[in-house]
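Below is one structure; the comments refer to it alone.
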Amino acid sequence: MSKVSFAGKRMLVAGAGVSGVAVAQILQKKGALVTLQDTKTLDELGDRVGSLQQQGIKLALGQQNEILVNDFDYIVVSPGISIYSPLVLAAEQQGVEVISEVEVAYRLCPAPILAITGTNGKTTTTTLVGEMAKTTGKRVVVGGNIGKALSLEVEDVTDKDLVVAEISSFQLEGARTFRPVVAAVLNVTPDHLDRHKTMKNYMAMKSRIFTNQSSQDYVVANYDDPLVRNMMNKAVSQVVYFSRKTELAQGVFLKGDMITIAWKNKAYPVCSIHTLRIIGSHNVENALAACGVAFFAGVAVSDMATVLGRFEGVEHRIERVATVRQVTYYNDSKATNPESSIKALEAFRGHVILLAGGRDKHTDLTEFMKLVKEKVDCLILIGEAGDRFAQAAREHQVEHIERADSMAAAVQMAHNLAQSHQVVLLSPACASYDMFKNYEERGRVFKELVHRLSS
């Protein structure tokens, strides 16, 4: 895979967040003429952005409509910039190519890429694939929607290395030629509809992870998800299904309790699901998907089993925090939509005190509240979504609903209410931006509060 040169190209990077600053710096190093644009002022953005001028990057801050898009060869959009923004629409009208930070990374990257997308499970699966890939002896770089911006991660890679990337629908909006050698679509449920407007648009963005693949490439897809199966009708690449519910003639599936890979008339037993240290049926699906991706990246089956047997999960995904007075606290702050919180609740037998709420994505709550009614002893709501969630809970006859005006108040309330052997679970089913910088900060605050209880 050859690198594309951006030397001498006039590049407007829209959005001065983490990935925007990263891609601006990389492009400048590659010889591009870079302007970084953001509607925030320099005072709002701080020294991190101000110092870029010393590196030769122009700043266009506190403005958007004043930008003349036809002064540029490319517009690079950060994940936080919608394709429906005036800047992007103006660029498209002028025939200026709009690409994402991930697309820039791909065009600069000489190494093969394994890319994972889906509404839920991306980070766990990506981390698993990264750990499995390391057993090949190759240098493995993991990035994208996890860790550092992908453009930073691929800066020094060679064609002998391997890149494992978690890719969000936002990052795929500006993907034009992005072509991973192995892609994975884990699941598709309603999410980010405030951004994508419709499920059709959302699925179209997710499909971009395999759109540019050839018949020599692979896409690992969830057979149990009818929306994902429907998406595969457009795949030119070789479709490799994984299933938790069906023994497949070919693909990755459970034979009894054994994770099994079947390909070209050969079966490869990997390991029993009882050796997994991550809990929940959704994590069985993540393990199946990871094995599918790793298999076509050349990972030995025995090494997959070793990694699965020692992998304890990732931070903020049903993460066990502490046990206080025989009550165990779990941090699932990454659950930013109802479907993800459903997966978390399904991992427990019941008697859960659930902390939920945050920035409302206005997704349907019916199935979520049915499970809350079944498994949750007390629902404690925080954040902007509290009123709508409380109304939905009442409509589903959830009996014990409480409101808290802060995470600290919610944790203290849970501590006061919890009985021996109950579980306190933070699984918000909402974005975090009403009260926190991101879901990571939300999870860290929750954990700090729990640890204070135990001290």
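Positions of Cβ are set from backbone N, Cα and C atoms, glycine also.
Annotated features in TrEMBL:
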- 116-294: domain 'Mur ligase central' (DOMAIN)
- G118, T119, N120, G121, K122, T123, T124: ATP binding site (BINDING)
- 316-430: domain 'Mur ligase C-terminal' (DOMAIN)
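Confidence for the domain 'Mur ligase C-terminal' (316-430), expressed as mean pLDDT, is 96.
Packing around G121 (ATP binding site) is summarised by its Cβ count: 26 other Cβ atoms lie within 10 angstroms of its Cβ, all protein chains included. Taking Cβ-Cβ distances under 8 Å and a sequence gap of 6 or more within the same chain, the neighbours of T123 (ATP binding site) are N145, I146, E166, V314, R317, K334.
For T124 (ATP binding site), the Cβ neighbour count at a 10 Å cut-off comes to 27, with all displayed protein chains included.
When Cβ atoms from all protein chains are considered, those within 10 Å of N120 (ATP binding site) total 26, not counting its own. Residues I116, T125, L186, N187, N286, S340 surround the recorded ATP site, their Cβ atoms falling within 8 Å of the Cβ centroid of G118, T119, N120, G121, K122, T123, T124, which are themselves excluded.
Secondary structure counts, DSSP: the domain 'Mur ligase C-terminal' (316-430) has 40 helix, 30 strand, 45 coil. Around the Cβ of K122 (ATP binding site), 25 further Cβ atoms fall within 10 Å across all displayed protein chains.
Around the Cβ of G118 (ATP binding site), the number of neighbouring Cβ atoms within 10 Å comes to 28.
Secondary structure at N120 (ATP binding site), taken from DSSP and collapsed to helix, strand or coil, is coil.
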